[in-house]
């Protein structure tokens, strides 16, 4: 049996990493605020859902149904993610100091809250969200039917929507607002592992474990385009009404992400392990790339090119992020080879 080709999935994940860069750099802002809003504030909002959905698909397709084997798979995945999260926390510790993270408002409680939910740097919330979300989804997967799991994850997503892009709709229901205000003392946003991640992970699990009627690639592409267009309309209407508290979660992000994911499974493209690892490090390192690009532009007096020109700024940050990601992956590969050869010398050849 031939090995499944998930090259298309790897490419949309790499594209999603660049979408996150766009979200944090506003590439079209110096040309058109309206166009930049569509790209930076709406289109990029399917990036993290892509990460969650593909993670759910790849993790749950490996589960065998044996409780011990499946729990071991979960613990192995979590250990790997925790190591990555720890590395990211350490990488950004110097920038935390530089940006005043450890100011008078810093407390032990705020640190615990950030590590568990919000991240100690603005993009690091994704990793604890993946950890918590996968634990929740794995529990539901073991205890519920597939439909019940999707329904439960959907209810959590609705709670999250009302604390995010639909928050303004709660203002007339003062009792519910107080509940959310209480939740926001525990975490800053509902786009976290409790409310945001489970539905996308659950859809990924459902896609991995159920035989889905196959549509033509053009149909999936069209459904993605229609869903994305509806998400643009949804976002424009919500923002024009001043409803969002934050703007990470949208209803139509669900079908847009799903149909793009299904479409990517039909792409006849190739990738490799190195390319997959680049995507991870582009996501983790891009805020550092933003700092480096801005710093270099100021030192070389090229602010007009690489800071004020938003598109060139975005392109420069992408290139620096990819370069740093490639260097990191290369260094990690050398480190693994060194550790393997050292192990052989110490134990195999002794």
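Every residue gets a Cβ built from N, Cα and C, even glycine.
Listed in TrEMBL for this protein:
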- 8-327: domain 'Acyltransferase 3' (DOMAIN)
- 42-61: transmembrane segment (TRANSMEM)
- 82-101: transmembrane segment (TRANSMEM)
- 121-141: transmembrane segment (TRANSMEM)
- 148-169: transmembrane segment (TRANSMEM)
- 189-206: transmembrane segment (TRANSMEM)
- 218-237: transmembrane segment (TRANSMEM)
- 249-266: transmembrane segment (TRANSMEM)
- 278-297: transmembrane segment (TRANSMEM)
- 312-334: transmembrane segment (TRANSMEM)
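Under the criterion of 3 or more C-beta pairs below 8 Å, with sequence separation of 6 or more, the transmembrane segment (148-169) and the transmembrane segment (249-266) qualify as touching. Count of Cβ pairs under 8 Å against the transmembrane segment (278-297): among 121-141, 189-206, 249-266, the largest is for 121-141. In the predicted model, the domain 'Acyltransferase 3' (8-327) has a mean pLDDT of 96.
Long-range contacts of the transmembrane segment (189-206) within its own chain (CB-CB distance under 8 A, at least 6 residues past either end) are made by residues 48-49, 52-60, 117-118, 125, 128-134, 136-137, 140-141, 146, 149-150, 152-154, 156-157, 159-164, 180, 183, 246, 248-249, 254, 257-258, 261.
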